[in-house]
Amino acid sequence: MSSYVLVINAGSSSLKYSLVDAESGDAAAAGVVERIGEAEGSHRHRGPRGETRSTLVIASHEEALQAAIEAFAVQGPALDEIELVAVGHRVVHGGSAFAEPTLVDDELLAKVAELVPLAPLHNPANLTGMRVARRLFPQLPQVAVFDTAFHQTLPPQAYTYAVPREWATEHGIRRYGFHGTSHAFVSGEAARMLGRSEVNLVVLHLGNGCSATAVRGGRSVDTSMGMTPLEGLVMGTRSGDLDPAIHAHLSRELGWPLDKIDHALNFDSGLKGLAGYNDFRELSRSRAAGDERAQLAFDVFCYRIKKYVGAYYAALGTVDAIVFTAGVGENDPAARAASLAGLERLGIRVDPALNAASSDRPRAISTDASPVAVLVIPTNEEWQIARETVSAIRSRPPRV
Ligand code: AMP
């Protein structure tokens with residue numbers, strides 16, 4: 001029997017949703033409402049009866065979710081005719097408070113609100129999404145699935161920054177890590193592919209945002225994103241790692257306020273800052289046409305990945321597989337090859353033909369002789385959220 005979960009990902013001016021069968025992962029319908037609160041918004045919905053696109057004024061997230069409910073009624077599947085068991089929400093920052101998917105109640109909303117200073121770009125929108133969905137689906141359980149939760153297994157030496165102790169105890173300054181839902185999903189798939197439950201992996205989520213995770217026995221033991229998603233790998237528009245003294249230098253030299261520096265490192269840096277493109281396909285086209293800036297951006301991107309692979313190999317001691325996922329990781333053979341080039345002595349051998357073959361299926365791209373498997377596994381965060389949502393509502397205490 002199907003158990004459908006309505007998965008909601010609320011951004012500051014957008015609302016993405018999909019109706020996912022938690023057992024099979026099939027998405028019966030999905031859509032996105034964009035430019036909420038602006039003069040003209042848009043809504044796309046794909047359902048069993050086709051796809052619709054409309055432009056309309058959408059004043060609030062509540063109106064956005066109402067538009068989604070109407071689209072389900074018109075394009076299918078009608079929500080009152082299916083086994084809709086819960087609403088699952090993607091929530092970016094769960095701090096140290098949430099290691100598991102958790103039922104949404106007043107207490108959870110208050111705790112997520114307390115975490116807003118750690119994720120000012122994301123948590124307010126996630127809170128709005130949960131409040132609105134509770135109003136529109138009062139009869140359904142709602143579950144928050146946190147991007148940080150998978151990384152709550154990090155040991156202290158991996159999550160502690162070497163700064164005055166009270167920064168951590170009083171202000172929550174520590175590594176939390178993000179993309180946890182994706183890292184959890186592909187780690188599970190990798191274990192299945194390797195036929196073992198206890199696997200050691202280096203998972204590389206390379207999309208517009210990028211992160212690397214060291215997984216020991218299926219649990220996250222280190223990850224490249226930090227207190228915020230800015231740290232670690234080079235990304236579409238984020239710098240990743242850099243000397244923290246650069247903030248002070250820029251503020252002294254240019255007189256820039258810290259918010260402006262923070263914004264530039266989050267939105268004008270990474271591939272975009274180096275080459276002008278945050279989209280990897282455009283970067284690749286430019287690189288192929290001989291653009292030296294695009295080549296340097298590609299080199300910096302792949303070199304940073306290689307350094308993390310080496311660091312996490314050392315942290316783990318033994319590695320069963322390197323796993324690529326997300327837009328670039330799943331689709332760009334050149335980035336995969338360059339990121340792992342020269343690591344044969346670590347037992348990492350990519351088969352050029354397998355790497356070059358395009359596919360949307362989970363697959364191995366290492367040679368038969370490679371001691372470390374190299375896998376490409378499409379991520380499916382919506383399915384992971386749906387599964388975790390169902391597991392949270394099944395494990396809740398019975399009502400008395
Ligand atoms: P994501 O955040 O997972 O949606 O990934 C977005 C990134 O993946 C963008 O930089 C896209 O250019 C890149 N991407 C998507 N499809 C491809 C592809 N077929 N080849 C190379 N890069 C791709």
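Even glycines carry a Cβ here, placed using N, Cα and C.
Annotated Mg(2+) binding site per TrEMBL: Asn9, Glu381, in sequence order. Listed in sequence order, Arg90, Thr181, Ser182, Phe185 are the same-chain residues six or more apart from Glu381 (Mg(2+) binding site) with CB atoms under 8 A from its CB.
What TrEMBL lists as ATP binding site is Lys16, His205, Leu206, Gly207, Asn208, Gly209, Asp279, Phe280, Arg281, Gly327, Val328, Gly329, Glu330, Asn331. Every protein chain considered, the tally of other Cβ atoms within 10 Å of the Cβ of Leu206 (ATP binding site) stands at 27.
TrEMBL lists Arg90 with the feature substrate binding site.
According to TrEMBL, the feature active site, proton donor/acceptor maps to Asp147. All protein chains included, Asp147 (active site, proton donor/acceptor) registers 25 other Cβ atoms within 10 Å of its own Cβ.
Residues or ranges marked as site 'Transition state stabilizer' by TrEMBL: His179 (among others). The C-beta environment of His179 (site 'Transition state stabilizer'), restricted to residues of the same chain at least 6 apart in sequence and closer than 8 Å, consists of Asp147, His205, Gly209, Ser211, Thr213, Met225, Pro229.
Per TrEMBL, the feature site 'Transition state stabilizer' maps to Arg238 (among others). Sequence-distant neighbours of Arg238 (site 'Transition state stabilizer') (same chain, six or more apart, CB under 8 Å from its CB) are Gly209, Pro229, Leu230, Leu265, Asn266, Phe267, Ser269, Gly270, listed in sequence order. Secondary structure from DSSP puts Arg238 (site 'Transition state stabilizer') in coil.
Taking Asp147, Asn208, Arg238, Asp279, Arg281, Glu330 as the candidate recorded positions, the subset whose CB lies under 6 angstroms from any atom of ligand 1 consists of Asn208, Asp279, Arg281.
When the binding-site residues Leu206, Asn208, Asp279, Arg281 are screened for a C-alpha within 10 angstroms of the C-alpha of Asn9 (Mg(2+) binding site), no residue qualifies. Neighbour density for Asn9 (Mg(2+) binding site): within 10 A of its CB lie 21 other CB atoms from the protein chains shown. In the three-state DSSP classification, Asp147 (active site, proton donor/acceptor) falls within coil.
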